[in-house]
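Positions annotated as substrate binding site by TrEMBL: Ile129, Asn153. Annotated NAD(+) binding site per TrEMBL: Thr154, 208-209, Asp228, 263-267, Asn289, Asp315, 339-342, in sequence order. The annotation domain 'D-isomer specific 2-hydroxyacid dehydrogenase catalytic' is assigned in TrEMBL to 72-367. TrEMBL lists 163-341 with the feature domain 'D-isomer specific 2-hydroxyacid dehydrogenase NAD-binding'. TrEMBL lists Arg291, His339 with the feature site 'Important for catalytic activity'.
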Amino acid sequence: MAMKRVATSAIRAFNSSGIPSSSSIFTRELHATPGSKKIVGVFYKANEYASMNPNFLGCVENALGIRDWLESQGHQYIVTPDKEGPDCELEKHIPDLHVLITTPFHPAYVTAERIKKAKNLQLLLTAGIGSDHIDLKAAADAGLTVAEVTGSNTVSVAEDELMRILILVRNFLPGYHQVITGDWNVAAIAHRAYDLEGKTVGTVGAGRIGKLLLQRLKPFNCNLLYHDRLKMDPELESQLGAKFEEDLDAMLPKCDIIVINTPLTEKTKGMFNKEKIAKLKKGVLIVNNARGAIMDTQAVADACSSGHIAGYSGDVWYPQPAPKDHPWRYMPNQAMTPHISGTTIDAQLRYAAGTKDMLERYFKGEDFPPQNYIVKDGELASQYR
């Protein structure tokens with residue numbers, strides 16, 4: 001028999017998360033009906049690397065480490081890397097799946113069309129952080145629940161951002177390439193290598209990852225700025241040594257280094273276009289581990305080619321995986337990688353455990369930790385509005 005959530009409990013959870021409740025929309029309630037649930041996971045394929053580390057859980061082969069647990073309870077668990085096109089493996093399961101688990105690292109784009117086809121779908125889980133690969137408005141309109149493992153890879157991404165800043169500032173990659181090609185030309189590296197100390201670093205967005213980055217930058221004695229929709233309390237600002245900049249357009253030209261830490265929303269999509277980039281300091285360095293679509297792809301490539309952007313590094317692209325002819329692969333002064341910052345082994349252990357916890361709660365008809373909700377009862381979390 002269906003176990004419906006108690007209304008007062010749901011309202012209390014939403015009030016604590018800052019997400020308003022709504023009684024005007026039909027919701028596909030989370031419940032634990034008897035019988036098998038069909039759960040589909042979309043992950044990247046690890047091939048020979050899957051067996052090299054028993055904690056490498058975020059791949060198709062190891063499937064978050066939850067297969068035995070799910071199947072022992074009678075549920076069907078299907079995993080695939082095949083997510084694109086009308087004949088892909090994922091598309092075959094859309095009509096009758098109950099839960100879809102995706103990741104930002106190998107995103108299955110959950111469009112309004114797919115949501116419409118998914119008549120049994122109740123729950124969309126992101127194993128990691130960042131659910132912009134889902135059409136969140138369509139999910140809200142359909143009464144679906146969307147949740148992610150908040151905090152699971154914040155440390156991983158913040159550490160990676162700091163690494164990328166240092167790689168760009170110290171002009172590391174040309175030196176590395178000299179070594180592997182048999183060259184030795186110190187001048188070719190040193191003419192544009194700098195210290196991080198004394199530079200102005202601004203983060204666009206200062207949520208969990210942005211705050212951790214500022215914390216890690218403080219010992220480098222930088223001038224730290226941040227722009228966010230919410231100002232930190234004075235004590236935290238003092239601890240981090242960061243100054244709030246309410247006006248983004250006023251902050252950006254001050255920065256030697258800009259780090260993107262804002263979610264991808266309708267407001268931030270294409271935010272860094274040709275016009276905004278032109279207003280940045282000539283020779284600026286940019287690190288973007290947030291989302292590729294926040295940047296105008298060609299505008300970034302052109303600015304790197306002209307030298308207006310002296311260095312660009314990140315692990316996020318649009319679309320993902322990046323096609324072979326993506327201009328960021330070939331533009332100068334870049335230190336790009338595939339989407340790896342949030343999928344360290346430590347992060348995988350955290351987001352695998354968080355995914356299992358939410359599935360367990362789903363089977364029992366219990367609420368998730370409030371901070372994990374991205375869409376609940378037809379309402380989007382505040383950062384996505």
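Even glycines carry a Cβ here, placed using N, Cα and C.
Where the annotation comes from TrEMBL, it is an automatic prediction and has not been curated.
The subset of binding-site residues (Asn153, Thr154, Pro263, Asp315) lying with their Cα within 10 Å of the Cα of Arg291 (site 'Important for catalytic activity') consists of Pro263, Asp315, given in sequence order. Of the recorded residues, Gly342 (NAD(+) binding site) and Asn153 (substrate binding site) place their C-alpha atoms 5 Å from one another. Distance from the CA of Asn153 (substrate binding site) to the CA of Ile340 (NAD(+) binding site) is 11 Å. Over all protein chains present, the Cβ of Gly342 (NAD(+) binding site) has 28 other Cβ atoms lying within 10 Å. Cβ neighbours of His339 (site 'Important for catalytic activity') (same chain, under 8 Å, six or more residues apart in sequence): Pro104, Phe105, His106, Asp315, Val316, Trp317, Gln320. Among the binding-site residues Thr154, Thr265, Lys267, the ones whose Cα sits within 10 Å of the Cα of Ile129 (substrate binding site) are Thr154, in sequence order. Rounded to a whole value, the Cα-Cα separation of Ile209 (NAD(+) binding site) and Asn153 (substrate binding site) is 9 Å. In the structure shown, across all protein chains, Asn153 is the one of the binding-site residues Asn153, Thr154, Thr265 with the greatest number of other Cβ atoms within 10 Å. Sequence-distant neighbours of Pro263 (NAD(+) binding site) (same chain, 6+ apart, CB under 8 A from its CB) are Gly130, Asp132, Gly205, Ala290, Arg291, Gln383, Tyr384. Asn153 (substrate binding site) sits 24 Å from Lys267 (NAD(+) binding site), taking the CA atoms of both as reference points.
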